[in-house]
Amino acid sequence: MAISKKSSLFLPIFTFITMFLMVVNKVSSSTHETNALHFMFNQFSKDQKDLILQGDATTGTDGNLELTRVSSNGSPQGSSVGRALFYAPVHIWESSAVVASFEATFTFLIKSPDSHPADGIAFFISNIDSSIPSGSTGRLLGLFPDANVIRNSTTIDFNAAYNADTIVAVELDTYPNTDIGDPSYPHIGIDIKSVRSKKTAKWNMQNGKVGTAHIIYNSVDKRLSAVVSYPNADSATVSYDVDLDNVLPEWVRVGLSASTGLYKETNTILSWSFTSKLKSNEIPDIATVV
């Protein structure tokens, strides 16, 4: 059968369009398989619109994030609490029981004129409308409400006191508050809905030196792990198995929190990055900040 000149021109065009649509369809399918969020702050500007600052937290001082209050000459102040949360929610799990894996890293500088720095920094995950609990300065790290527990009580119900329904945190605790279950030394710990850590490890905090905290959640093993280190020094490592869909709501925000009390320290964040990945049939919500 003879093919007209017009038909011979149409066939290559039709073939090209068909192949193009196949490629587009393939790309779209693979994109929908992953719901991801990524951000990275190598420095912090004075008007950092993609952070939700709470309490005494400020940005822009030498390109850093100051979580707790400092004076005009940079000296730390007592009884301060501050938090910074990333503006975009994180899809941490979905109804099909798929849970996201995530990784967070931040560099920090804790400096204190006191012989006992206090009280520490925490990376935390909470509900999207999370705010600083009342009375959460000092040992409560800006994460847990003050339950007014009688200090001379010989028994403390930790299931009812100093807890929060939707908090998962990794704490860098510079001051041991043994009356609420802390070990008798500075430590890192994993907190699940309570200031009393599920697991702790001794931490040799170095006053005035830059350290790095690296946090990983493996959704396959359901293991939350953290490593805190300084250059040319031994690292502190802690891990705990937790199923996040039993602890957290489906959508959460991630943040950094810090507090001071009677004793004080600077709680300075120099950089912060976060990546999460959830296998899903939904279109991904990806935010990137450099």
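Keep in mind that glycine also has a Cβ here, set from the backbone N, Cα and C atoms.
Residues Asp173, Tyr175, Asn177, Asp182 are given by Swiss-Prot as Ca(2+) binders; from Asp114, Asp119, Asp234, Asp241, that same site also lists Asp119. Taking the centre of the Cβ atoms of Asp119, Arg139, Leu262, Tyr263 as the carbohydrate site, the nearby residues of that chain (Cβ within 8 Å, site residues left out) are Gly78, His116, Ala118, Gly138, Tyr175, Asn177, Ser259, Thr260, Gly261, Lys264.
Using a 10 angstroms CA-CA radius around Asp119 (Ca(2+) binding site), the binding-site residues that qualify from His187, Leu262, Tyr263 are Leu262, Tyr263. The Cβ centroid of Glu171, Asp173, Asp182, His187 marks the Mn(2+) site; residues of that chain outside this set whose Cβ lies within 8 Å of it are Gly120, Leu172, Thr174, Tyr175, Pro176, Asn177, Pro183, Pro186, Ile188, Gly189, Ser197, Thr200, Trp203, given in sequence order.
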